[in-house]
Amino acid sequence: MSRAAVLGTGSWGTTFAMVLAEAGTETTLWGRRSEIAEAISERHENPDYLPGIRLPETLTATTDPAKALAGADFVVLAVPSQTLRANLAAWKPLIPPDAVLVSLMKGIERGTCKRMSEVITEVADVPGDRVAVVSGPNLAREIAEHQPATTVVACSDIGTAERLQAACHTQWFRPYTNADVVGAELGGAVKNVIALAVGIAVGMGLGDNARASLMTRGLAEIARLGAALGADQHTFAGLAGMGDLIATCSSPLSRNRTFGENLGRGMTLAEVTEATKQTAEGVKSCESVLALARAHGVEVPITEVVVGVIHEGLTPEEAAMLLLSRTPKPERYGV
Ligand SMILES: NC(=O)c1ccc[n+]([C@@H]2O[C@H](COP(=O)([O-])OP(=O)(O)OC[C@H]3O[C@@H](n4cnc5c(N)ncnc54)[C@H](O)[C@@H]3O)[C@@H](O)[C@H]2O)c1
Ligand SMILES: O=P(O)(O)OC[C@H](O)CO
């Protein structure tokens, strides 16, 4: 039996730990707050992030990272992307030497524009083939309710991807392997920015044509950036690309889409931030995605207006007009 440590007791960390435990992997969660760790270990619930969900009795949690990490074959990282570097630096001495580090995170680091797997290889000082990424249409609440879902387990070493696939494969959760870590990570991070745009459109009362247009042209942005960064284009037609984009942009469960919807309805950034209790990665990552795209000479007009609305005082109406008044183009260019 393999053993996993899941670091982060938020909605996805807890849900993925539940999936691992249900797949027969011995799993311990680490979280900062003792009341949540106690609720998971003793009452088998996480009332703050997954109210009403019964967690497996075999799943335990601790506030002691050494306890969670002891003997782990998989070290699963599920903290907000912008906190990964500092957290991982503190955990590094406790990580077993042969453990595989697994990112559940869908963000790009501010300042460095690095993907999470890049932050992991750098901070933990491990080779790329010991880092895996899980990304796909994975709204945590649905998975915790045992609704069927699929995902992508990406690792440059396919044997490692297959071991992780086996460790998280359940009756309801079906992971596929993929060797394209860059594509899986870009799909996950950039779709959050596109979901903010779709949310803004929904909040403005725009129709299904506008939503479909943003999703499709959003996928073109993801694919163009992916091409510049060496990703496999097939990944973007798959679960970690189109699949996650559709789920996130369509679901009221998405924190990113909901954040955008509130902005589109006319709430101020401060009001929306105050109302958002969980992590909406696109809010911070949109600036890093834009910087990354500019550094590679890639046009990302939807991302640009999302940055404009969130960080530069552009109104949703001005954002819509900016997109619609762009120079006419062929549908497929620059790829
Ligand atoms: N929730 C989902 O449906 C879902 C699905 C797939 C991927 N993800 C990704 O998983 C990652 C984690 O998201 P989540 O949904 O679990 O977020 P969340 O907001 O539900 O939980 C975040 C967790 O991190 C903790 N945290 C906050 N700041 C911290 C810090 N400085 N140091 C350590 N811990 C800190 C919080 O206490 C909480 O336990 C994100 O990158 C997200 O994009 C989420
Ligand atoms: O709630 P969001 O917007 O962070 O999206 C959750 C997942 O990434 C969907 O796959």
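Cβ from N, Cα, C; glycine included.
For 5-158, the entry in TrEMBL reads domain 'Glycerol-3-phosphate dehydrogenase NAD-dependent N-terminal'.
Taking the Cβ of G8 (NAD(+) binding site) as centre and 10 Å as the limit, one finds 25 other Cβ atoms among all the protein chains shown. If you look up TrEMBL, you'll see G8, T9, G10, S11, W12, G13, A140, R255 marked as NAD(+) binding site.
Under DSSP, E281 (NADPH binding site) is assigned to coil, being neither helix nor strand in the three-state scheme. Under the heading NADPH binding site, TrEMBL lists S11, W12, R32, R33, Y49, K106, A140, R255, E281.
Secondary structure at N256 (substrate binding site), taken from DSSP and collapsed to helix, strand or coil, is helix. For K106, R255, N256, the entry in TrEMBL reads substrate binding site.
Under the heading sn-glycerol 3-phosphate binding site, TrEMBL lists K106, G136, K191, D244, S254, R255, N256. All protein chains included, S254 (sn-glycerol 3-phosphate binding site) registers 23 other Cβ atoms within 10 Å of its own Cβ.
Confidence for the domain 'Glycerol-3-phosphate dehydrogenase NAD-dependent C-terminal' (180-319), expressed as mean pLDDT, is 98. The domain 'Glycerol-3-phosphate dehydrogenase NAD-dependent C-terminal' annotation in TrEMBL covers 180-319.
Annotation note: K191 (sn-glycerol 3-phosphate binding site) sits in a helical segment as assigned by DSSP. The Cβ of K191 (sn-glycerol 3-phosphate binding site) has 34 neighbouring Cβ atoms from other residues within 10 Å, across all protein chains displayed. Look at TrEMBL and you will find K191 tagged as active site, proton acceptor.
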Cα-nearest neighbour of W12 (NAD(+) binding site) within the listed binding-site residues, R32, Y49, G136, S254: Y49
Summary of DSSP states over the domain 'Glycerol-3-phosphate dehydrogenase NAD-dependent C-terminal' (180-319), given as helix, strand and coil counts: 107 helix, 0 strand, 33 coil
Nearest-integer angstrom distance between the alpha carbons (Cα) of N256 (substrate binding site) and Y49 (NADPH binding site): 16
Candidates G13, R32, K106, A140 (binding-site residues) with Cα within 10 Å of K191 (sn-glycerol 3-phosphate binding site): K106
Binding-site residues compared (R32, K106, R255) - highest count of Cβ atoms within 10 Å: K106
Neighbour tally for E281 (NADPH binding site), based on other Cβ positions within 10 Å of its Cβ: 23
Inter-residue C-alpha distance, S11 (NAD(+) binding site) and G136 (sn-glycerol 3-phosphate binding site) (nearest angstrom): 15
